[in-house]
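Reviewing the structure listed below.
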Amino acid sequence: MNELVYGLSALGISLNSVQLGQFETYYQELVDYNSRINLTAITEYKDVQIKHFLDSVSLVLAGIKGDEKLLDVGSGAGFPGLPLKILFPAIQLGLLEATQKKARFLSEITVKLGLSGVEIISQRAEDTAQNPLYRQKYSLVTSRAVADMATLAELTLPFCAIGGRVIAPKKGDIEEEMDRAATAVKKMGGRVFKVIKVELPGLEDGRKLVLLEKISNTPALYPRRAGIPAKTPLI
């Protein structure tokens, strides 16, 4: 885990032996499971350390606290939620993943990593956000999903409690995308708080963290039915 350790040193973070072992186990299980179902195209040891593990942990640049109640929307293979949980074991973590095979991997890897305080939710975000057990219950919501910011706002902000935040990793020039998302962010009860540049070893490719803050309740009609936020973004 030399690449990860080096990258984390730029953040002033060091891993103990337990955490290093967890990341090693995560890598081995990810590659093994990936041979059976498609979790990721990134499987080389060095690349996983940088493009999955370090990229996930880079969210600490947004000021993550160790006692967050965090929901990872469209978690896939567990990024960024599980690396953040390894780093901050006291986080209460929800991993929202609609694809059953991926959700099964998340359940298995959580056990193998010895993590507690993790809930796997295998449902669509649009449906889950209308459930009072999850709606406006989280201090922090993340999503690495490849989606337009207007769509992401509708799929993430309804989960945020007032005062909570969404952290959405993005790459490249996002000014036009953020302009398009302004209506959706406002309708969901949010505001664009800030955009943080990510400049870490191996991640010098224009990565950014978009931070949204929840400032008012999301109206009951949002999010719309499954599939609609992606097909017809609020722009």
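A Cβ is built for glycine as well, from the same backbone N, Cα and C atoms used for every other residue.
Going through Arg36, Arg144 against Swiss-Prot, the one listed in the S-adenosyl-L-methionine site together with Gly74, Phe79, Glu97, Ala98, Thr99, Ala125, Glu126 turns out to be Arg144.
It is Glu126, among the binding-site residues Glu97, Glu126, whose Cβ has the fewest other Cβ atoms within 10 Å in the structure shown.
A sphere of 10 angstroms centred on the C-beta of Phe79 (S-adenosyl-L-methionine binding site) encloses 26 other C-beta atoms. With a cut-off of 8 Å between CB atoms and residues at least 6 apart in sequence, the same chain places Ser56, Gly74, Gly76, Phe79, Pro80, Pro169 near Arg144 (S-adenosyl-L-methionine binding site), listed in sequence order.
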